[in-house]
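The N-linked glycosylation site feature in Swiss-Prot is assigned to Asn163, Asn194, Asn403. Annotated topological domain 'Cytoplasmic' per Swiss-Prot: 1-33, 344-364, 454-493, 617-633, in sequence order. Per Swiss-Prot, topological domain 'Extracellular' is recorded for 55-241, 286-322, 386-432, 515-595, 655-700. Taken from Swiss-Prot, the feature transmembrane segment covers 34-54, 242-262, 265-285, 323-343, 365-385, 433-453, 494-514, 596-616, 634-654.
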Amino acid sequence: MRGPLGAVIGRYTSSDGSAPNDGIIKHNRKCRDITFLIIFIAFWVSMIVNSSFGFNQGNPLRLTYGLDYEGNVCGSKHRHRDLTQLELRYWLNPNQVYESGLKDGELKLANARTICLLDCPAPSDDTLNWVCDYPDGEIRLKMNDWIDRNYDYFEFLTPEMRNSSLQLQGPCYPVIFPSVNVYWSCQYIARASNSSLRHWQQMGGVNIQEDMIIDKSIRRSMNSRASVLKRYVADIGKSWPVLIVCGGLVPLFLSIIWLLLIRHFVAAMPWITVVLFNMLLISVTVFYYLKAGWIGNDAVTPIIGEHDPYFHVYGRELTHVRGVAILMTFISVVAILTSIAIIRRILMATSVLKVAAKVIGEVQALIIFPAIPFAMLAIFYMFWISAALHLFSSGQVVQNNCNNTNCCAYDLVLKKVNCDRCCGYSIHYTPHITIAIFFHLFGCYWATQFFIASSATVIAGSVASYYWAQGEASPEIPFLPVFASMKRLARYNLGSVALGSLIVSFVESVRFILEAIRRKTKVSGTIPDHWFWRMAHYTSRGCLKSVEWTIKSVNRNAYIMIAITGKSFCKSSAIATELIISNILRIGKVNVIGDVILFLGKLCVSLFSALFGFLMLDSHRYRASHNKVSSPLLPVLACWALGYIVATLFFAVVEMSIDTIILSFCQDSEENQGNAQHAPPLLLETLDSNQEEEVQSLTH
């Protein structure tokens, strides 16, 4: 049998085998897993270097606004041209847009001539409106004067310029089709103005194609996966106040309230949590139905500002919202049925939570402590999100390769129609940028797991002090045990925490990569049809999920033993696993039911955050003008995820209290031949009743 745990309490030997010390968990420790601490520090240095690349090369405006024919980002100031006011991208030549929509067309929409405007032009009922190129050369107009003239200086053109304009080669182009602001690009409406078209034909202009293709070509470009991804990332940047309030302050407030309620109304909290969880889940589902357009008239729309109510444009974002609405419906049904199934076990969870509530009452600093990792995570997320926006927009603006004969346009500086280097510009992403983005995402997950693990270890050390002092005088508990536990963690065990969080992050990353490969093969139709390969495919997915869940569970218990014993991560994992296996009959259902209630509590906080996120995003600020989000989907999911992380930090007070007391109970029983000397009476009663149930179920 394994000997006594090192340095659990004064009467045990310390981890290095030295003589016992006086007091509770006062022991001589050694620095553990130093190699992984060095790796973690190197990782942080790499994160800073990686982020500095993004800050140096990126421009988040690229995620929202398009490029003009010179490669300038609309809505920003450039060396030779100030486009700060001009945020809308407009395609000057409707025939180029039409040709880009043809299956056998040589011209791509990215090479069609575009400029940046203040608003989308509209055709006139009694005359022909023009939109002219940026004033240059002989056109002696300032940009502000050009804007005030509604981009029209046709009257100043020479006969040569007018002739090239009638050939749709500029510098002025007719406004034949109405257009609407769709995600900061003027999308043509394939309904030509009869009056404008008649004036154009009377002036001798070339034939202009009228077809739905002119509408679909732009729409296809706006709904491409790359464009949708850019808009989703841009939504995070636009909704940063929502993330601060609903992803930070709201879950912080709700988590503290939940802990206080657990402290004073523990008997009612499991019931309140289950009922509230189902109500919130249904409420969030209803909001998704509203945004999907299945309830009311508030569906997600890509159109910005006022527009013709009879004109509708549907983006890919609406499809995504509807998909999530269906998923939430399924989850709600499963959640309600599961809640009904666990009603009989809620009383057992109440008993376990009462033990945790007593710990919180005795060590009151535990309620306040999670605010420290919360503040550190908040600072990290602010830096991380800002860096992510710059990394996602850090591609190089390069000119496309195209057939120059299709993009000829009048050059005001050269005073002639120019077909050289008239292709459009695109943002080119190199492979190293993709690697940098994935490294940044992995870094976020590892850092989050590290902060959560550190918080859990500190809480475990504090609760262990409480447990082992029950058989002795209360002065034996060190003053402010939370800070004593923090000191031990910072001095000896940061490497062990870094290793545990790295293992979880690595397994989760592998699962993510395999899932991405699965989706890609599914789309391309390369998934094998043979039943054996399909079975192997789904079995591997299930195994990875099981491995992930097991590792997270083992890690949590390892952090407890790290806090108690000061041993390395692997040794602590082995000790914790041995203790649990030896006492599985006594602690089996108790721990599971307690975890279920706490998990539902975290979901309550995160769903509240998502609900508040929906309400904030439904305000005028995020439905119109510059801050309009393409869809509430990603900001709401971000609020949900941040709310869950904040709740995890605070709920770890209860979660780790239960787990630490149970593991301490197991060790206490082992050290005292099956009779725990320091266990609270309520815990003994709960565990003994659970053991009787397990024995009865095995014998019948």
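Cβ from N, Cα, C; glycine included.
Sequence features, as recorded in Swiss-Prot, placed on the structure.
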residue	record	DSSP class
Asn163	N-linked glycosylation site	helix
Asn194	N-linked glycosylation site	helix
Asn403	N-linked glycosylation site	coil
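Remote same-chain residues near the transmembrane segment (494-514) are listed as 31-40, 442, 445-446, 449-450, 452-454, 457, 540-541, 544-545, 547-548, 551-552, 555, 558-559, 562, 568-569, 572 (criterion: CB distance under 8 Å, separation of at least six residues from the stretch ends). There are 12 other CB atoms within 10 A of the CB of Asn403 (N-linked glycosylation site), with all protein chains counted. Asn403 (N-linked glycosylation site) sits 23 Å from Asn163 (N-linked glycosylation site), taking the Cα positions as reference. Remark: of the glycosylation sites Asn163, Asn194, the most isolated position is Asn194 (fewest other Cβ atoms within 10 Å of its Cβ).
Broken down by DSSP into helix, strand and coil, the topological domain 'Cytoplasmic' (344-364) contains 19 helix, 0 strand, 2 coil. Stretch with the largest number of CB pairs closer than 8 A to the transmembrane segment (242-262), among 433-453, 596-616, 634-654: 634-654. With respect to Cβ pairs under 8 Å, the transmembrane segment (365-385) is most closely packed against 634-654, considering the stretches 34-54, 433-453, 634-654. Between the C-alpha atoms of Asn194 (N-linked glycosylation site) and Asn163 (N-linked glycosylation site), the distance comes to 22 Å. Residues 180-184, 187, 189, 219, 222-223, 225, 228, 231, 328, 611, 614, 618, 624-625, 628, 630-633 of the same chain lie 6+ residues outside the topological domain 'Extracellular' (286-322) yet bring a C-beta within less than 8 angstroms of a C-beta in it.
Tallying C-beta pairs under 8 angstroms between the transmembrane segment (265-285) and each of 34-54, 433-453, 596-616 places 596-616 first. Tertiary neighbourhood of the transmembrane segment (596-616): same-chain residues 241-242, 245-247, 250-251, 254-255, 258, 269-270, 273-274, 276-277, 280-281, 283-284, 287, 291, 342, 345-346, 349, 353, 622, 632, 635-637, 639-644, 646-648, 651, 654-655, selected by CB-CB distance under 8 Å and a gap of 6+ residues from either end. Residues of the topological domain 'Cytoplasmic' (617-633) grouped by DSSP class, helix first, strand second and coil last, total 8 helix, 0 strand, 9 coil.
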